[in-house]
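Residues annotated as transmembrane segment in TrEMBL: B:41-61, B:68-86, B:92-113, B:120-138, B:169-189, B:220-243, B:249-282, B:294-315. If you look up TrEMBL, you'll see B:330-383 marked as region 'Disordered'. TrEMBL lists B:340-357 with the feature compositional bias 'Low complexity'.
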Amino acid sequence: MSGTATGRTEAPASEEPDFLEVRGLHAGYGQARVLQGLDFSVARGEVCAILGPNGAGKTTTLRALSGMVRGRGSVTLNGTELLGRSPEQAARLGVAHVPEGRGTFNDLTVEENLRIGAHLRTGRRNRAAVTADLERIYDYFPALRRRSRQAAGSLSGGEQQMIAIGRALMLRPALLLLDEPSLGLAPLVTRELFGIVRAVNEEERTTVVVVEQNAQLALDIAHRAHVLEAGRLVLSGPAREIREDGQVAEVYLGVSVRSRKAG
Amino acid sequence: MNTIVTALGTARARRLRAALTVLLATAAAVGAPFYFAPFQVFQLTMVLLYAVALAGLNLLVGFGGQISLGHGAFFAAGAYTAAVMLDRYGTGHLATLPAAAAGCFLLGLGFGVPALRLRGLYLALVTLSFAVFLPPLLKRLEPVTGGSMGLTVDKLRPPAWSGLAEDQWTYFVVLAVTTVALLCARNLLRSRAGRALRAVRDNESAAEVMGVRLSLHKTLAFAWSAMFAGVAGCLYTWVIGFVSPDSFGFVLSITLLAGLVVGGLASLYGPLLGAAFVMYVPSVSQDLSEAAPGVVFGLLIITVMFVAPTGLAGLPGRVLAAVARRRPRATAAPPGPAPGTGSAPEAEPGPEAGSGALTTLTPPGPAVVDAEPVGAPPRTEKE
């Protein structure tokens with residue numbers, strides 16, 4: 001949470017710079033072709049931000065990675081092709097997608113929501129590990145521990161977003177996809193959430209791809225960033241450079257990224 | 001610290017109240033057949049067996065978010081499985097129960113396949129077609145099913161050691177099966193598969209990205225649901241000792257769904273209340289209006305849905321909430337909610353609590369028994 005304004009300096013040293021590799025990704029809905037050939041890669045343990053205006057194809061990119069929409073081209077995670085798989089198969093390969101709008105299971109309790117995240121981790125041997133992970137999630141999100149037996153639908157938007165992230169972490173994901181985690185949340189809550197995402201990334205070395213409208217926030221936690229416009233990448237680079245190149249960001253993102261070099 | 005103590009207190013109080021409720025319900029359920037007349041005991045038995053069917057339907061509709069207008073067909077399949085086994089092969093009653101359960105489970109798996117592609121009204125129509133085509137099919141398969149004459153089989157006979165009358169013995173057997181079935185349904189919902197099922201109802205795509213296989217869990221919901229309906233059908237054969245195609249018209253399917261909605265969707269004891277409604281209300285409406293009992297039945301459904309849109313099971317909660325809203329906060333505690341919360345759960349699990357009030361309205365006339373021992377559905381069908 002603290003020091004979000006500093007941004008992240010170095011990408012983590014990784015032997016696998018192409019942990020997630022996206023080549024020539026095209027995707028769309030029916031006649032509407034949204035993605036027109038994306039190329040980027042994410043190193044293991046890295047936080048990658050995908051920025052851009054409304055309708056640029058940010059959400060579609062994540063959906064193509066998790067199998068929620070069909071894509072053409074190639075997306076490999078640790079060498080395994082992801083395209084052409086169902087969302088359930090992608091989850092089996094370690095892709096955890098926190099969908100836009102959180103996807104809360106309203107009538108299930110908070111704990112049941114989290115346990116759905118561990119749906120694939122069956123068997124006796126996993127039982128203890130799942131319980132331990134549940135505790136770990138509650139350590140990240142103490143607010144959820146207090147409400148573990150409440151219906152998830154009765155919680156606030158911020159808490160529901162915590163559930164969504166916690167649920168995805170219960171999958172022990174190789175790749176965590178976050179779609180607009182700040183949507184509809186108060187700035188303070190959003191900051192807290194992003195701080196936790198950053199902590200998760202640091203402690204568990206989870207590779208994260210986060211899609212955000214709020215470029216400032218996303219750039220604070222990201223190592224690298226890509227700017228999408230009309231289904232194409234128009235700008236890629238280390239998050240810090242994109243942050244500091246205020247003019248470029250303003251042109252492409254349509255928002256003003258205030259650089260806070262002062263102080 | 002303080003809050004923890006109070007939380008522990010309320011948890012303990014809740015557990016105590018739950019234990020008390022179970023105890024009272026058990027006492028009422030066990031005592032009922034010695035207190036009521038044979039016909040009333042028969043009616044209670046029917047309530048219990050309908051509750052099994054409704055609990056199954058609840059898995060599919062209430063917790064699975066799907067719909068079935070064809071559950072009468074699974075009920076009939078269970079009933080005929082038992083009847084044919086008893087009639088043709090002379091197996092004991094006990095052997096028919098697992099056969100009906102397993103058979104209907106498989107049948108449900110098969111019929112669950114359309115549910116993968118269809119939803120809402122389309123699924124309702126397809127499932128309705130099961131219910132519509134089944135009676136003619138049963139009539140055609142005369143060598144096995146006895147055609148439109150149906151099959152008459154042995155009812156349950158009390159063993160000598162029990163010293164019980166036939167209606168009492170039947171009641172206890174059905175009570176035991178119902179208890180086990182309802183507990184199974186409850187545990188199923190709390191298991192991993194049940195959690196996945198409810199997650200799919202709440203948010204299909206979010207469940208899918210968490211690795212829940214939609215096709216598997218939707219089909220399984222159908223299969224389990226059909227299994228419960230089949231068990232209920234099997235019990236029906238044990239209790240009535242007679243099956244015919246006309247006992248299982250499509251009105252039965254619709255009545256089951258109506259009963260479930262009236263009782264309370266996605267509620268654990270809603271099926272019991274719904275079963276009582278299905279069992280008693282048609283005969284009550286018969287008394288209120290000789291000419292048009294169907295109209296009265298319909299009006300009663302409308303009334304219940306208007307007063308308790310979440311079903312009868314949700315009524316106590318709604319009443320309490322309304323009372324709490326009316327009262328200023330300070331005075332709310334002592335007199336109001338305490339008796340309310342006390343009586344509400346007690347009324348839930350035992351069908352007797354609901355039926356006791358209703359049976360006073362139902363004249364146990366022998367004429368009614370002879371005319372229609374089947375209960376709700378055929379009566380409405382006569383309209």
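All positions are counted from 1 along the displayed chain.
Cβ coordinates are placed from backbone N, Cα and C, and glycine is handled just like the others.
What you see is a predicted model, and the numbers here were worked out from it, not measured in a lab.
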Practice problem: Take the transmembrane segment (B:169-189) and find every residue of the same chain, 6 or more past its ends, with a Cβ under 8 Å from one of its Cβ atoms. | Solution: 29, 32-33, 41-42, 44-45, 48-49, 51-52, 55-56, 58-59, 63, 97, 155-159, 162, 195, 197-198, 224, 228, 231, 235, 238-239, 268, 271-272
Exercise. Using a Cβ distance cut-off of under 8 Å, indicate which of B:68-86, B:220-243, B:249-282, B:294-315 has the most pairs with the transmembrane segment (B:92-113).
Key: B:220-243
Quiz item: Ranking B:41-61, B:68-86, B:249-282, B:294-315 by Cβ pairs under 8 Å to the transmembrane segment (B:120-138), which is first?
Solution: B:68-86
Self-check item: the transmembrane segment (B:68-86) and the transmembrane segment (B:249-282) contact flag, 3+ Cβ pairs under 8 angstroms
Solution: yes
Self-check item: Non-local residues, at least 6 beyond the ends, that sit with Cβ under 8 Å of the transmembrane segment (B:294-315)
Solution: 258, 261-265, 267, 269-270, 273-274, 277, 281-282, 284-285, 288, 348, 380, 383
